[in-house]
Amino acid sequence: MALSTNSTTSSLLPKTPLVQQPLLKNASLPTTTKAIRFIQPISAIHSSDSSKNTPIVSAKPSSPPAATSTAAATAVTKQEWSIDSWKTKKALQLPEYPNQEELKNVLKTIEDFPPIVFAGEARHLEEKLGEAAMGRAFLLQGGDCAESFKEFNANNIRDTFRILLQMGAVLMFGGQMPVIKVGRMAGQFAKPRSDNFEEKNGVKLPSYRGDNVNGDAFDLKSRTPDPQRLIRAYCQSAATLNLLRAFATGGYAAMQRVTQWNLDFTEHSEQGDRYRELANRVDEALGFMNAAGLTTDHPIMTTTEFWTSHECLLLPYEQSLTRLDSTSGLYYDCSAHFLWVGERTRQLDGAHVEFLRGIANPLGIKVSDKMDPSALVKLIEILNPQNKAGRITIITRMGAENMRVKLPHLIRAVRGAGQIVTWVSDPMHGNTIKAPCGLKTRPFDSIRAEVRAFFDVHEQEGSHPGGVHLEMTGQNVTECIGGSRTVTFDDLSSRYHTHCDPRLNASQSLELAFIIAERLRKRRLGSQSVLGQ
């Protein structure tokens, strides 16, 4: 049943009481010897093949991490974990709710709600990310900087999904490998802030932390953290994912349709000639497949796999949606398939790392030029002590010049520790500037330069560029300057709709996909020529 933001919350409550289940020990994640609260085990769907539920591990024993890494990480990984053990650690970036009793009641209500995603889907994503770590797949992760209640409608969801489909088709053809499509959608509300308060004209109010916490209007009522927003965020996330599932499996994602969209883009792009050749080759490939008997109405050509992700920031909410999976005996945060820890909350002894080390979802780590290589090795050891491929994705956000200087040291440290990770470029956050009009923006040329640096470094180091992570939208906004359909500083205010950071619009996103696809193609052809020598 599709969820609606207009539904009453009582209609979402389960009809039967939750049943306490024994907590199962497992080899790969921390366990707890006592039940903290009643947990209803969630059986994984999409996992009828039991072999698909087997965690991927490295094919041969990895090299032991450096002694300093082992000593620092072992103390954390040996500690008993429970779904609320994070409360014993220092938690940064959490809002202060004035009404704690109301917060407690809201969290209890969400605990009783159904999961938004399923454990089997998260396991399947981990397998796919393991392929990306080995250079056999490519991650495309994109969506809003921060989802909002005001802009929640089917058209916006459809447009972002559509552009991700178009980008995925281009990247898949360029790299001749599967593209893992993950949306920053269906839960990407909360945002970390550098300051707890914002001051305007002598008035000081709490900072806006995302629509699931407070409102962006600068008044006391809007800025006061409201627990009821968590329930609305849950309902919007569930409704968004419901629509995404329908789009992914109902024919909207048909490859022939996506290819025609890309051909239309090249016809109307100022640099269309540059991209038309690739788009035409995709169209010809579909014609060949049709002639060979793999018709375009085959299920593999009309459906796609799609996963959701968001930053793991609001720990009380994440805990409320954590469930014990009856298939594996592992805990999964069922708010999203993939969660990442941000630059501001990745402290080794912090609450966010403590929570994430105990859930079985695939995890991301945002890494800037401030990250020390040895600290990264320690963090990976805490979050992935069994060295499972696909468990950890490193999302680098540095700016082009810092990327060339800092990334090689991180790659060498991780490789030296024998750790398996998927390397991904976030070319957005390291390239934010302030326009003359005062609005934040990101130059497309700087974004492109960071992606180029990412590929250059991996080529230099002999490692695998595993994907890109983008803040983007399917709407025709004017938030990032540049691109073939040039957006100038003067254009910014005309369609500047973001609630937080500037996003690539549909045209800029697809243009970047064509650029990356060409780089993937050159890398593939280079590898083939080396093998042919």
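Cβ atoms here come from the backbone N, Cα and C positions, even for glycine.
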### Query
If Swiss-Prot says Arg184, Glu343, Arg344, Lys366 bind substrate, which of Arg158, Arg223, Arg397, Arg404 does it name for the same site?
Arg397
### Message
Under Swiss-Prot, the annotation region 'Disordered' belongs to which of these stretches: 47-70, 455-478?
### Response
47-70
### Query
Cys145, His429, Glu471 bind Mn(2+) according to Swiss-Prot; which of Asp112, Asp195, Asp491, Asp501 goes with them?
Asp501
### Query
Relative to the mean position of the Cβ atoms of Cys145, His429, Glu471, Asp501, the recorded Mn(2+) site, which additional same-chain residues have Cβ within 8 Å?
Met428, Thr432, Arg442, Cys500, Pro502, Arg503
### Query
Compared by Cα position, which of the binding-site residues Arg184, Glu343, Arg344, Arg397 is the closest one to His429 (Mn(2+) binding site)?
Arg397
### Query
Which ones are near Arg184 (substrate binding site): of the binding-site residues Cys145, Glu471, Asp501, which have a Cα within 10 Å?
Cys145, Glu471
### Query
Which of the binding-site residues Cys145, Glu471, Asp501 has its Cα nearest to the Cα of Arg397 (substrate binding site)?
Glu471
### Query
Which number gives the other C-beta atoms within 10 angstroms of the C-beta of Glu471 (Mn(2+) binding site), all protein chains shown included?
26
### Query
Rounded to the nearest angstrom, how far is the Cα of Arg344 (substrate binding site) from the Cα of Asp501 (Mn(2+) binding site)?
16
## Note on the structure
Same-chain residues at least 6 apart in sequence with Cβ under 8 Å of the Cβ of Lys366 (substrate binding site), in sequence order, are Trp340, Val341, Gly342, Glu343, Arg346, Ile395, Arg397, Asp426, His429
### Task
Pick out which of the binding-site residues Glu343, Asp501 has the most other Cβ atoms within 10 Å of its own Cβ.
Asp501
